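Peer 1: Pasting a structure below so you can have a look.
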Amino acid sequence: IRSDKDKEIHIRYSITGVGADQPPMEVFSIDPVSGRMYVTRPMDREERASYHLRAHAVDMNGNKVENPIDLYIYVIDMNDNRPEFINQVYNGSVDEGSKPGTYVMTVTANDADDSTTANGMVRYRIVTQTPQSPSQNMFTINSETGDIVTVAAGLDREKVQQYIVIVQATDMEGNLNYGLSNTATAIITVTDVNDNPPEFTTSTYSGEVPENRVEVVVANLTVMDRDQPHSPNWNAIYRIISGDPSGHFTIRTDPVTNEGMVTVVKAVDYEMNRAFMLTVMVSNQAPLASGIQMSFQSTAGVTISVTDVNEAPYFPTNHKLIRLEEGVPTGTVLTTFSAVDPDRFMQQAVRYSKLSDPANWLNINATNGQITTAAVLDRESDYIKNNVYEATFLAADNGIPPASGTGTLQIYLIDINDNAPELLPKEAQICEKPNLNVINITAADADIDPNVGPFVFELPSVPSAVRKNWTITRLNGDYAQLSLRIMYLEAGVYDVPIIVTDSGNPPLYNTSVIKVKVCPCDENGDCTTIGAVAAAGLGTGAIIAILICIIILLTMVLLFVVWMKRREKERHTKQLLIDPEDDVRDNILKYDEEGGGEEDQDYDLSQLQQPETMDHVLNKTPGVRRGDERPIGADPQYPIRPVIPHPGDIGDFINEGLRAADNDPTAPPYDSLLVFDYEGSGSTAGSVSSLNSSSSGDQDYDYLNDWGPRFKKLADMYGGGEED
């Protein structure tokens with residue numbers, strides 16, 4: 001940069017702008033004296049393609065000499081960047097059997113160099129194709145756009161499912177000598193089309209099914225399809241073309257194996273069809289590709305055999321309804337309720353029995369199903385619902401295993417006039433004067449029309465007092481009124497017989513007795529209390545007698561309660577005379593400890609057993625005998641002791657027993673339980689009533705003081721001590 005005024009004055013040059021005093025800083029510099037501009041470091045066009053600077057000229061004092069000028073600096077491109085693919089791997093697909101020229105995919109590479117020059121102009125080409133089948137050049141690429149298309153026919157997914165194509169991009173317009181290159185991978189998948197029809201693996205199939213079974217798989221049909229598994233081009237659909245006009249079978253596809261499962265959806269009958277010959281066809285969910293025809297192997301035959309099983313007999317008419325009059329005699333044949341065994345090709349017998357006969361009115365012949373009456377059928381029974389009696393019967397064959405069926409017989413009973421009418425109410429009351437009230441009577445009949453009303457009401461001629469005292473008036477077909485004929489009738493209870501007759505053919509009548517209570521009434525027509533009692537048939541004497549009996553009964557109860565209280569008081573008083581601690585009745589007395597220690601365990605237990613011989617007992621000296629031995633001979637007779645025992649008697653008795661135990665060589669161990677006397681058949685002791693307390697005071701009990709401390713309490717009570 002130079003100013004034409006530099007000859008006159010000294011000028012200083014400077015530059016400003018991006019690349020000088022603005023980032024990127026100091027890319028350019030200028031000699032302030034000579035005005036020469038320099039680039040300070042290598043330039044990168046891809047980083048910045050141009051710079052805009054301004055140059056300035058000032059004198060030594062900094063005054064502007066020239067106006068600033070614009071400087072435009074352009075970076076010239078060099079081929080220093082290779083083409084770069086957007087993706088290293090491209091995925092595309094094409095249908096098998098596609099025609100040449102079918103578009104597959106597009107690959108794209110970018111070059112950072114100037115696209116207006118050869119440095120940035122990219123061209124494409126296919127380097128390799130794997131596999132090279134059926135041709136090594138199955139695809140081509142547009143060198144400028146990168147579009148890949150088919151170039152040859154013969155794409156078959158069943159042979160080659162995928163191609164791997166290496167694509168190269170080169171700049172310098174594809175000049176391999178000067179241009180820079182890069183590569184990418186294109187994966188081309190051959191997609192399936194339905195160009196292979198499904199084919200059965202065999203032309204015939206067979207199966208077997210028992211009759212009367214449903215949802216049973218009879219046969220599995222296997223097919224082969226070379227198309228993509230588990231796709232619509234592979235999934236099979238089965239159809240029955242012929243052989244099943246009634247729709248007994250259907251074919252379902254197994255989603256895993258693609259097999260056809262022939263399934264029974266409607267039960268088959270061996271007696272109707274012993275076998276089925278089906279013709280089936282298989283196809284895919286997706287239609288076949290254009291130009292592909294169905295194979296003759298897409299049709300097959302299926303033979304299904306039906307096996308016979310024992311079927312239950314059935315009643316052709318179920319429920320069967322018959323009509324007859326009630327009251328037919330026992331043994332009457334009503335109908336034949338027979339069953340049919342569907343097993344025509346089995347020689348089987350059917351037997352009949354009752355399953356439900358609530359009233360037990362019917363019998364059935366076990367061999368032919370003839371129904372007879374076992375009792376009289378009554379329409380008015382509780383077992384009849386809406387005039388119909390219902391019974392259930394069982395028919396069973398003798399097959400293996402046996403089978404049975406049930407049938408219901410309904411008997412509609414026609415009513416006959418077999419029930420005489422009844423009158424209501426059974427009891428009533430009326431005033432003794434005829435003009436005050438009447439008794440309303442209703443007739444009821446268990447039969448139904450026309451064997452019911454209108455009813456005829458009349459009074460019998462015998463006894464004559466009935467028609468003399470009473471009169472009956474019919475109100476309508478079911479109701480009548482009973483009233484007094486005479487002006488006054490003595491109070492009391494009267495049995496009034498009334499004859500009522502229905503309208504059946506022949507008519508039935510019944511004599512019903514109504515208990516009528518005749519009583520005096522008040523002005524309102526109601527029985528008075530005295531009148532009601534009198535009407536009940538109780539006179540004054542009877543009422544008094546009843547009251548006296550009640551008073552006597554209450555008196556006896558009161559006396560019994562007083563006697564029980566006195567007895568309880570006396571018993572309580574007697575208990576106070578005895579100290580509860582000294583009352584030895586019904587108590588257990590502990591005389592000593594049982595055991596003697598471990599050293600006392602070694603002894604012969606045989607001594608505790610009853611000895612086999614009694615010589616040692618019989619030979620003992622009289623008077624020295626164990627008290628715990630049962631006497632062998634006759635019970636000894638002891639002298640009767642006096643009522644007042646001697647003070648020494650009890651002590652002698654105890655000492656004698658102790659001496660007998662100590663001197664007996666056959667005695668058990670010392671700590672055994674000793675029985676001091678055997679009760680035997682009687683007691684030699686006197687009556688214990690001698691121990692009763694006496695209030696006379698003439699008996700001396702002072703000797704109890706000499707008996708030791710155990711009798712001290714008894715001595716204090718009866719020994720004449722000081723009274724409290």
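Using N, Cα and C of the backbone, Cβ positions are placed for all residues, glycine too.
Annotation comment: TrEMBL describes 3-85, 86-200, 201-315, 316-423, 422-530 as domain 'Cadherin'. Positions annotated as transmembrane segment by TrEMBL: 530-563. TrEMBL lists 618-641 with the feature region 'Disordered'.
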Peer 1: Which numbers of helix, strand and coil residues does DSSP report for the domain 'Cadherin' (201-315)?
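Peer 2: Grouping H, G, I as helix and E, B as strand yields 3 helix, 51 strand, 61 coil.
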Peer 1: So how many of the residues in the domain 'Cadherin' (86-200) end up helix, strand or coil by DSSP?
Peer 2: 6 helix, 50 strand, 59 coil
Peer 1: Over the span of the domain 'Cadherin' (201-315), how high is the average pLDDT in this prediction?
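Peer 2: The answer is 91, the mean pLDDT of the model over that range.
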